[in-house]
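The following features are taken from TrEMBL:
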- B:4-120: domain 'Response regulatory' (DOMAIN)
- B:55: 4-aspartylphosphate (MOD_RES)
- B:142-207: domain 'HTH luxR-type' (DOMAIN)
């Protein structure tokens, strides 16, 4: 084959490659958009359920509690029922809050994370250390991402880790936000654990927002989860 | 002398109910109402009320941003936050932002009226610690609660959960009232609850209710 022909062929291949790369990029982009939409949809579904819980069952329980409170002034044996319905109401409210954290929209990421750690750890034998940079601000999407990653990590710690200490660090540098959740619990072997739905969904979620999530763990030496994301 | 105030809450029914409630007090006079943070700032700057009563979760501009902007333009505004949120993070955030008071929507009308008067008179009023529902979330570490109880305590446990009084339990299990009460208090201690209602909830979470 002459040099001329070869060069022509090469150029053709290069062009084809560029086209393919282009298509791949476009497809990847639309996949990532799809993933984002899915997560957003899940959030709005949760928000809807949370509102329904709060406004539906919550209101009914409020009504019930008020009625019982009124009656218990005459009948002291109702005191226990009053307390039970107050507890039920508080449970429903708490569930509704965890499902859709309005505190995130109302007050921002740092107060929301403080509330979350208090809610999840206050009755556990776990010492919690928070180092949250007050100036960290991000858009709503990223706020939700960070919040949900922390929530999932915390729930894992309470359920599986047997930890006595947890550290939550949040900082930002230029355009990057960094989050670390560290515990001193049982840990696991990175290689042999079949990642449960929790860890996998954290990874998926992070990927959808072009964030990097690393999970490092050693048996008996705790776990560190690190998220870095562009604000 | 009457106290003038404006009120911001995005729930129209809630707002109207409040206005009706507050208008019944001859010392209070509502001079404006609105449903979001942006409108609130305009309203306050125009009407100069003695007190600003506002919600936190509102469309367009949240209460936290609104209070910040309002105080930047009218630093002596006396803001009373009226909210459904009893978490300490909310109370702290609003206090730090410069609110003079914070009151829960579920409070009685009398309490609300005296909170407005307190704020109008230059005092501050915040809940001490309204966070009573935090123990709600230790759902995750539930062992079967009865596993830590002795056989006798289990019998008592189920009778308490079924709504029996200590006297009735003593009768059913042929023991003295004092013994029944001792068992009961041991159970409370072991399971870290302080009332039979909490015990019932715990039993429910562990699937022990019929």
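From the backbone N, Cα and C atoms, a Cβ is placed for every residue, glycine too.
On a predicted model such as this, the values are computed, not experimentally measured, just so you know.
Taking H, G and I as helix, E and B as strand and the rest as coil, DSSP gives the domain 'Response regulatory' (B:4-120) the counts 56 helix, 25 strand, 36 coil. The Cβ of residue B:55 (4-aspartylphosphate) lies under 8 Å from the Cβ of B:8, B:9, B:10, B:11, B:63, B:81, B:82, B:83, each of these being in the same chain and 6 or more residues away along the sequence. Confidence across the domain 'Response regulatory' (B:4-120), taken as the mean pLDDT and rounded to a whole number, stands at 92.
DSSP labels the residues of the domain 'HTH luxR-type' (B:142-207) in these numbers: 47 helix, 0 strand, 19 coil.
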